[in-house]
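Novice: Please see the structure below; I have some questions.
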Amino acid sequence: NMYKEDFRSMTEESRNSSDFSAFTHSNTTNAILITAYSVAFAGGGIGSITMSFVLVNMNTLSVTTTAIINLVVVHSLLLFTVPFRLHYYVNKKWVFKMAFCKIVSAMLHIHMYLTFLFYVITLVSRWLIFFQWKDKVEFYRKLHAIAASAAVWVFVMVFVVPVLFLEYGRFGSYSDTTCFKFQNELQLESVKALNYAIIVAVACITCVLLGLQIFILVKVARKLSTSLCSHQEFLAQVKNLIFICVIIICFLPYHLFRAYYIQHVKDSNYLESYNEVFLSLTALSCLDLLSFMLSGS
């Protein structure tokens, strides 16, 4: 009986470990992930290259231009990691090192929050001009723009990247052939608290941005009263909605689902797959540069 129990426990452990290390996404989920990242890679690549040519010919030192330059950089960094994600989803096996898996995984989150930050900076700088608190929001010297950008990137490299790299996969045993499965960390109370704080912050900031932009649009509409679409001021404010729409479409669904996912992370593997799908939506924010070009922003 003792030997039977030992054998049974060993069998269960091996089955659990094999289940955990196996590629758990269904064919449908996998197809969605491949499609989402392929669209992000193609559209984001075209948008980043096109915007780079536009920015090279601009001499302005405005905060908006600096934010867009940083946006091109952060999109480009994400796009560099996307082919490795696609390779994994197509072959259903991670053939690179686990350390590189952590970098590729972390990059998607770093990209999401830096993009969010640069959106907020761009909108705030435009609103300061609209409310006539400032005639123009710009850096006095190119060195100041570089220093401000460098400060953001140094903060990310010194404080964010090492923490993500050290914490990912620290509290669970993960297979070397499987990537992007770090949900064990969500069982820690400190990680849960941090996630909830980020979810609330993103949701609240999004609501404030949307509310303020609608207020501005109504104010401009009342001021102009007729033929709104022919007025440059109104169209400029409508174009600001592109930023907010990207946040609502790409970032907000992931955070809202994340709140539910954290509570039920142990319930089924399907939730982990759904979380990956919502996370893939955040990569579609790379299409923003293309939409800026097409809308003439």
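Using N, Cα and C of the backbone, Cβ positions are placed for all residues, glycine too.
In TrEMBL, annotation is done automatically, which means it is predicted and not curated.
So TrEMBL has the following annotated:
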- 31-56: transmembrane segment (TRANSMEM)
- 47-257: domain 'G-protein coupled receptors family 1 profile' (DOMAIN)
- 68-90: transmembrane segment (TRANSMEM)
- 110-131: transmembrane segment (TRANSMEM)
- 143-165: transmembrane segment (TRANSMEM)
- 196-218: transmembrane segment (TRANSMEM)
- 238-257: transmembrane segment (TRANSMEM)
- 277-295: transmembrane segment (TRANSMEM)
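Locate each feature and note its surroundings.
Specialist: Long-range contacts of the transmembrane segment (110-131) within the same chain, counting only residues at least 6 positions beyond its ends with a Cβ under 8 Å from a Cβ of the stretch, are 62-64, 67-68, 70-71, 74-75, 77-78, 137, 152, 156, 160-161, 164, 202, 205, 209, 212-213, 216, 236-237, 240, 243-244, 246-247, 251, 254, 282-283, 285, 288.
Listed as Cβ neighbours of the transmembrane segment (143-165) (distance under 8 Å, sequence separation of 6 or more from its ends, same chain) are residues 61, 66, 69-70, 99, 102-103, 106, 109-110, 114, 117.
Sequence-distant contacts of the transmembrane segment (238-257) (same chain, six or more residues past either end, CB-CB distance under 8 Å): 112, 116, 119, 122-123, 126, 198-199, 202-203, 206, 209-210, 213, 216-217, 274-275, 278-279, 281-282, 284-285, 288, 291-292, 295, 297.
Long-range Cβ contacts of the transmembrane segment (277-295) within its own chain (Cβ-Cβ under 8 Å, at least 6 residues beyond either end) map to 29, 32-33, 36-37, 39-41, 43-44, 46-48, 50-51, 54, 68, 71-72, 75, 78-79, 82, 108, 111-112, 115, 239, 242-243, 246, 249-251, 253-254, 257-258.
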Novice: Which value does the mean pLDDT take for the domain 'G-protein coupled receptors family 1 profile' (47-257) in this predicted structure?
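Specialist: So the average pLDDT across the domain 'G-protein coupled receptors family 1 profile' (47-257) works out to 82.
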